[in-house]
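Colleague: Attaching a single structure in structure tokens format; questions to follow.
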Amino acid sequence: NPRLEMALFVAVSVFYTVTLVGNTTIILLSHLDPHLHTPMYFFLTHLSILDLCFTTSCIPQMLVNFWGSDKTISYVGCAVQLYIFLGLGAAECVLLLVMAFDRYVAVCRPLHYAVIMHLPLCHKLAFLVWASGIFGTLVQSPTTMKLPFCHHHRVDDFVCEVPALIRLACGDTRVNELQISVIGAIFLMGPLLLILVSYGHIAQAVLAIQSQEGRSKAFRTCSSHLAVVFLFYCSVTAVYIRPRSRFSQKAGKFLTLFYTVVTPTLNPLIYTLRNKDIKGAFRRLLWKDRMASEE
């Protein structure tokens, strides 16, 4: 619908700006405030970096397509976008699982938290996250770009991603569909199942906490993470598990718009608006700057 292009251009521009400002703020606060030098904010920083890279890999091209009449992308540009987009998406799936494990240890094993979530382990888990993303994109992207694409070369989507390129192929895509289903099971359904199991244990531990303040703090922290998990996994799973389904063909592009534009914007808002630590760090940073200017 061409009449929606200018409205989408404005909306996506606003969301992208909020994404850049929000995630950059989290990265800076986590680095500058010593109170936030904890495993939780270490992984939250990686989530912000992922979201910044994830959105920047596709939104600038999306805005160019919305703004002008030229809506083309080169084959190399499409391939680069696919490799980066898929790799960062797979990495985020694993990172959300790692963050769930961190919350599980914090709530269910609080006395052993500092011993279990030590800095070397955090670095190893971060390496696992990025390595998983590289593995995921190197498995799926080359076979997708080798598909026999139809001569019209019209990608019916906002970005070059696997489901859209599979639908563009004119040959047999059953192997690619099976491959993306397996990859989806590994990076989507597997982590989601483990996250739900971990939060089942967390719910039991939270209900056993005696103090109302302790229950409220645990609930605030974990509900923020659960909201991010729900938004990301539900939208991505609907598109990737069955790329040629009627639902994926009709609603896929709008779900793509949701998890590429809306979810990365909501992540910093969800983690900051309900997070006293981030608010406190922001106030301390402003107070420090005010004191420095007065001196």
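Easy rule for this one: first residue shown is 1, then count along the chain.
Backbone N, Cα and C atoms are what each Cβ position is placed from, and that goes for glycine too.
Copying in the features that TrEMBL gives for the protein in this structure:
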type	residues	note
DOMAIN	22-271	domain 'G-protein coupled receptors family 1 profile'
TRANSMEM	6-29	transmembrane segment
TRANSMEM	41-62	transmembrane segment
TRANSMEM	82-101	transmembrane segment
TRANSMEM	113-139	transmembrane segment
TRANSMEM	182-202	transmembrane segment
TRANSMEM	223-242	transmembrane segment
TRANSMEM	254-273	transmembrane segment
Colleague: Please report, as numbers and ranges, the same-chain residues at least 6 past the borders of the transmembrane segment (254-273) whose CB is under 8 Å from any CB of it.
Modeller: 8, 12, 15-16, 18-19, 22-23, 25-26, 44, 47-48, 51-52, 54-55, 58-59, 62, 157-159, 161, 164, 224, 227-228, 231-232, 235-236, 238-239, 279
Colleague: For the transmembrane segment (182-202) and the transmembrane segment (41-62), does the number of C-beta pairs under 8 Å, pairs 6 or more apart in sequence, reach 3 or more?
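Modeller: Counting Cβ pairs under 8 Å, fewer than 3, so no.
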Colleague: Can you work out which residues elsewhere in the same chain, 6+ from the ends of the transmembrane segment (223-242), have a Cβ less than 8 Å from its Cβ atoms?
Modeller: 47, 89, 92-93, 96, 99-100, 103, 161-163, 177, 180-181, 183-184, 188-189, 192, 195, 199, 248, 251-252, 255-256, 258-259, 262-263, 266-267, 270-271, 274-275
Colleague: Residues of the same chain, at least six outside the transmembrane segment (113-139), with any C-beta under 8 angstroms of its C-beta?
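Modeller: For the transmembrane segment (113-139), the list is 39, 42-43, 46, 82-84, 86-95, 98, 101-102, 105-106, 179, 183, 186-187.
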Colleague: Can you work out which residues elsewhere in the same chain, 6+ from the ends of the transmembrane segment (82-101), have a Cβ less than 8 Å from its Cβ atoms?
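Modeller: Non-local partners: 40, 43-44, 46-47, 50-51, 53-54, 57-58, 125-126, 128-130, 132-137, 140-141, 144-145, 159-162, 165, 183, 187-188, 191, 194-195, 198-199, 225, 228-229, 232-233, 236.
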Colleague: Mean pLDDT over the domain 'G-protein coupled receptors family 1 profile' (22-271): what is the value?
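Modeller: Its mean pLDDT is 86.
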